[in-house]
Structures are given as structure tokens and as C-alpha cells.
Amino acid sequence: MISSKATSAARACARTSRVMQQQQRRLLATVVSSSSLFPGEPSSPHVVTSQIPGPKSKELSDRIGTFQENRTHGFVVDYAKSQGNWIADADGNVLLDMFAQIASIAIGYNNPDLLALAKTDEFITATMNRAALGSFPPTNWQELVETSFGTVKPDGLNNIFTAMCGSCANENAFKASFMAYRARERGEKAEFTPEEMSSCMKNQSPGSPDLSILSFTSAFHGRLFGSLSATRSKAIHKLDIPSFNWPVVEWPDVKYPFAQNSRENAEAEKVALAAVEEAIVSSKKTGSSYGPVAALIVEPIQSEGGDNHASPAFFQGLRDVTKKHGVFMIVDEVQTGVGATGAFWAHSKWNLTSPPDFVTFSKKMQAAGFYHNIETRPSLPYRNYNTWMGDPARTLQARQIIRTIQDHNLIQKTDKVGNYIYEKLFDLIENGAGRGKIEKLRGENAGTFLAFDGRTAKVRDQLIMEMRKLGVHMGGCGDKALRLRPMLVFEQKHADIFLDKLETALGQL
């Protein structure tokens, strides 16, 4: 029988070995480029149809439309032929992908590291024997979580709740915050009362308390009932669906470029912070139209709502206000997380004096969940629970994505490429083909997480379609914004292709 000391020593040795291997790989990373990761990656777009979607794509989409919604389709993709930064469609068009499955692909299509993972016994076992993780975790679950999500824990957060998608990550963070808020009100060791137990079964208080989540205008946090109630980006997302009566505060009315308007932006943020505090304070007063605010949720950059920015000082102000009034702070890093902003977690750039209470993630991680601390773990089992509680196969994928990012210094490279693109776009808007057509460039010092507005929504939409015809796939957000969401393997050579095609497209408008 192996002693606990021997087991601990073996684990320590394994950890040391992994660290040494990682350091060795990082030394090699300085010479690794996307072309070495994807030796067969195209060097330029290849467009064979006059319109995208082309005829084959339209035909396949129409077939899908006979049994499910297809009006949201951009084009139908041939994923087997997509590689690296390039997406291939059913008609044989090959486009430089600046949208990356709505910001969800981190390290390129058909990345060889992920393809190798898919052939391993560990991945096959996890895929073919999907575990109900909350009740029957596999023998390697502890190690798998520690070597994946555990390696990129935000500072100050030591617990991990695994989930299925970004919406349910936020939804379960809401539930955790409500339970922790009520536990604090009751007292640490207080038990549920018979009245609470019976009233919750009728969806009535005190068992189902009238608590609320505070969010911002233009926010997007998902489409489940709780997350949709906190979402404020587009009416079409919310129409006909009953919602919780939760408070909303105006996002700071900032101006771009951000740095050139710092004084006005600081004033706008001050107004928004005052409104946040007023909403929290008034929620606890008799006669309030909504219940006490238990948590505030905020995106580091409002993505779906138009790529709206704020300063680190604003987010520090939110942390100060939430701490002052006993409100939990949830940072929604579903789209900003995993490197695109030039940091693994966008909120790490705020240098908060105390960490947020929850950080949610999904998209580029290819897995989902939230980080928190044991203080916000429910008092009893089965309170924040479902059958799957995540996915071991996707966790294996997340681990490899994290390792590839670290091994090849992809975040540092993304930061550098983002600065290059920003400078070129700034000149294009101020002095080049973009003058009078595109405006409000934003994302300085935010990696490749960049955006700009079309002069009108029509101009933005025309530009997206012209770029497609030229072989670059892009996406919009908000009322008239065009957002850049390339992968972390996007290099300066890809940026030059994008910038060249953008200049051409602008000249055709």
C-alpha cells in the first residue's frame, strides 16, 4: 500500500516535471509562428463566388431550414477544410476569419495540438463515457481541473464551478450570489424555516425572496431567464419573454478615442457610479420597484451591445461601491476572457484592490463556468447542481488550449498585433479611406479586441458584405459597430491582409 507521503511526493514530482516542460516549451515559443502551427495555412483569401453565401451554401441552409431556424445563417462552413485563421465554406470560398465563431475559437481551426488530443485514450474515454460530474466524477477529475482551469485562476479566487455555456455560467453565478446573500442575512449556521421551505414551492417569499441583479444598458449576459433579465443589448432578444423586474443603470456615455477624451469620460463614469450606488441604496427602501440588489454583473468590455469601454478607475469604483453595500460583483468574461485583450483575463488590467466575487467564462475556453471562493459555495449540496456540471472532454480541450497559449506566448503576441492594428486603423480613419465612413475607434491597449463604428448602420452592414466578397469574414455588434474578433494565432501578416482589404472595401462604399 502506498503511503500518503509517497503519494504527495509523486504529485509534487509530477508538478515539477510539468513546470520544467512548460518552461522548455516557452523557450522555443519565441520562434514559433502561426505558419509553423499551421504549415498548410493559406497565404491569401480565395473567393470563387460573386456573393457569400454562394449557391451551395444557400442550398444547404435551405435544407436545414426545413426542420430548424436558418434565417440566422451567415454561410455554411466546411470545417474539415478550415485551417488556422482561415474558414472555408461549402462553395469553396476561403476567408480570413476575423469573427472566429463569435469570438469562440482561440488557437485556430484544426489546431494540431487539439487534433492530437482528440486521438488520445483519455479524450476518447471522456467523450464516450460522459460523466454526471456532480455525482459521479471520474478518477482524474481533480487533476484535470487543477491542470486546466486551476492554472489560470484569477487572483483571489480559489473555487471553480464548471458549467455548460456562458449563459448558464452567469445564471449559476446569479444563483450562488442569491444563496450567499440570504445566508449572510440569516447568519452562518441558521437553518431554513418551515415557512421558507413551504413558500418557495409556491414561488413566494420568504422562501423565494424578492432579490435582484443590477446590470447596465447595452449589456449582454445570455438568454436564459435570469441572464436574459440582465441582458439589455437588443429588444429582439427579449420580446415576449417574461423577465424579472431588475434594475438597470446607464453605461457611461464615453467618447472615442478613449484616451483623447479622458476628462469627459471620467465625468461620465462618475455619473454612472453615482447611479449605481443610488440603485443599490434605493433597492433596500420600502416601496422600491425592485428587490434589494444582491449582485452587480458587468462585462470588462460590453461586446454584443456595441464594444463599449470604460476605464480601470470605473471598475475600481464599482468594486468600492459593491463592497460598501454588501453587493456581490460578478465579472462576465465570457467574451473577453482567454487572451484576446492582451491579458488572459481582461479584468486583471484593472488592478482592483480586492478581487471580484465571481468571474464567469466560456467561449474561447471551449468550456464554461465561474471562479469564486468557498464563502459563496451553497450551504447544502444539490442547491447549485445539474446532471452534467460541465464536460470532461471540453475540460481536456480547455487544458490543451491553455497550454498552447502559454507554450507559444500567444497573449503577448496578440497584444503586439493588436497595437499594430490599432495604429493602422487610427491612421486609416483620420487620414485615409475610412475618413467620413468609419469612426469611434476603440480598443487601444486591449489586444485585438478592437472595434469601430460605421458612420451609419447601413454603412457598417455594407462594409461587412464588401469585406466578405474580398475574402475577410467579420461581424457587427450594437447599433452600428464592427468588431474585430480574430484568434490568438492571428499575426501581423494576417493583419496586413485585413487592413489591405478594409482599405479596398472602404474605397468601394
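Any Cβ shown, glycine's included, is placed from N, Cα and C.
Owing to the predicted nature of the structure, the values given are computational and were not obtained by experimental measurement.
Features reported for this protein in Swiss-Prot:
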type: BINDING; residues: GLY166, SER167, THR387; note: pyridoxal 5'-phosphate binding site
type: BINDING; residues: ARG223; note: substrate binding site
type: MOD_RES; residues: LYS363; note: N6-(pyridoxal phosphate)lysine
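Sequence-distant neighbours of LYS363 (N6-(pyridoxal phosphate)lysine) (same chain, six or more apart, CB under 8 Å from its CB) are ILE102, ALA103, SER104, GLY166, VAL334, GLN335, GLY337, VAL338, listed in sequence order.
Annotated pair the residue listed as 'substrate binding site' and SER167 (pyridoxal 5'-phosphate binding site), C-alpha to C-alpha distance, rounded: 6 Å. Cβ neighbours of SER167 (pyridoxal 5'-phosphate binding site) (same chain, under 8 Å, six or more residues apart in sequence): HIS221, GLY222, ARG223, LEU224, SER227. LYS363 (N6-(pyridoxal phosphate)lysine) falls within a helical segment according to DSSP. Most buried of the binding-site residues ARG223, THR387, judged by other Cβ atoms within 10 Å, is ARG223.
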